[in-house]
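Working notes, beginning with the structure itself.
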């Protein structure tokens, strides 16, 4: 396009004296977007609650608003799926910005369930000893006060609590709902930031060990912002390559099936440097969010430093949302480039599986151990992504659903084992836990076995589905590496179980706090889902199979 | 002037920002370098918008500005709270958790 023609884009209206034609109002399908809209609305209500509701009743109001909103959003997802939006009526809503299809609805449902369990663990107030007669939760009395200062003591004495965590959680969930269903690159980027920014803040507000918590938040924030800057530059390059942000248009340009090529597009679409660099940078940003090696450096520190309920929620839901977005990007936008991205993803999956499993062996902190285990799991899920087949999509969906419940349950158990300094996360303190409180140790053992992928747990069904899809997709070598790293990973899971059941408890060991029904519900839901998906996975595999088709 | 030159400028700014993130030690300066990277992206968006003759890129530049502003709010809150408890904003000092 010539320079004068480009200038005419914004000069004709001024020179020609014609009245400016009215802009057509965009057509928004509110009913189909209702899950996201409900959660965003509830988050805004939560902010208003902070401003207007008296401090005494804020906690109850916030928990009520959050649980009701998430349950309503989940029933909206179920209603949409039941009326066929996951299969036959799948289409693109909101002027091309959001896809309403099977994978989007499946992942939104998973995120919302993880969110409800997350609210339960956030709302737990019986684990910490009462401070000045007030029940306290895992979050700082006042996040702005310096740890150990007079202002903090005053805040604790006055019975302040950071109830802002509930609206922050809801904002994060709303971003996560949009992320796997984003259908253009701008929506992808905005959703990425909307779910990341609240998580950075949530990491910083632990009641105990706040210096570590703040350190985790700074590390997460700086590295996360760094990664999202790379994502944005990749988006700019892809936009430059295709002249559009829409997934469908970019896919057409990549495949060379685009109609009406104007001279500018003809100039850029031949430029593979733009496409390859843009693809690499965007995928890199998503791999950062899923915590794949070599973009995993933040994971152990953030998982260890963040308040444990936040870690549990973040570990489960972020992974679901980010893998959803990665799947859609690779399967909808860049299937034409699969001979370029598959070898790279092979390498990433192999180093992720092996790296996560091997480094986990040397860990002595239970939260860091679970962090490295989550890295290894990211590698297993990537094996399913590489399959590039419908089975690949459905196995990844199933794995994400199974994994998120195990993760939330496992971190909820970690919050129960406590000593005078708060949670006793050092592994040596877990010695003999099985003798002191057999039930908690048994529940944790179930979660560890599910992580390890032992039969009759959801972990086995998920791993089997993912590896089968990968093998059928021609990635047999990857499956071999996956099985080897599963065996390495099983070693340290079993080691923890042995430590809990077959070693003598120490005299000054930690105590196991009795939680309120909230945390009990979260843990029980984790155990039930783990066992049900392990014993009878067929129904849910079918569900994931039906949901496994992207709309374009 | 050929708009491609502005693309080189944007890539240069982005690289300067990325290098700054990697070598600077003060959290605030690191954060400013990240903002420089975002602004380099904005320049790239506007150049591509000019090349393709559609306005998408300019719209995205506005979204990026808003996102960057939100990021400043969150980022400064976190960095300032870290500074108040440690009396240092150095990213090297924050090393309670190590392998």
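Glycine is treated like the rest: Cβ placed from N, Cα and C.
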(request) Name the residue range among A:32-52, A:137-157 that TrEMBL annotates as transmembrane segment. (result) A:32-52
(request) Please indicate, using numbers and ranges, the residues of the same chain that are 6 or more beyond the transmembrane segment (A:64-85) and have a C-beta under 8 Å from a C-beta there. (result) 32, 34-36, 38-39, 41-43, 45-46, 49, 91, 100-101, 105-106, 108-109, 112-113, 115-116, 119, 166, 169-170, 173, 177, 547
(request) With a Cβ cut-off under 8 Å, give me the same-chain residues at least six positions beyond the ends of the transmembrane segment (A:477-502) that come close to it. (result) 346, 349-350, 353-354, 356-358, 360-361, 363, 366, 369, 373, 376, 379-380, 383, 386, 427, 430-435, 441, 444-445, 448-449, 451-454, 463, 466-467, 470-471
(message) Please report, as numbers and ranges, the same-chain residues at least 6 past the borders of the transmembrane segment (A:273-298) whose CB is under 8 Å from any CB of it.
(response) 185, 192, 196, 219-220, 223-224, 227-228, 230-231, 233-241, 254, 318-319, 321-323, 325-326, 329-330, 334, 337, 340-341, 344, 348-349, 351-352, 355-356, 374-375, 378-379, 381-382
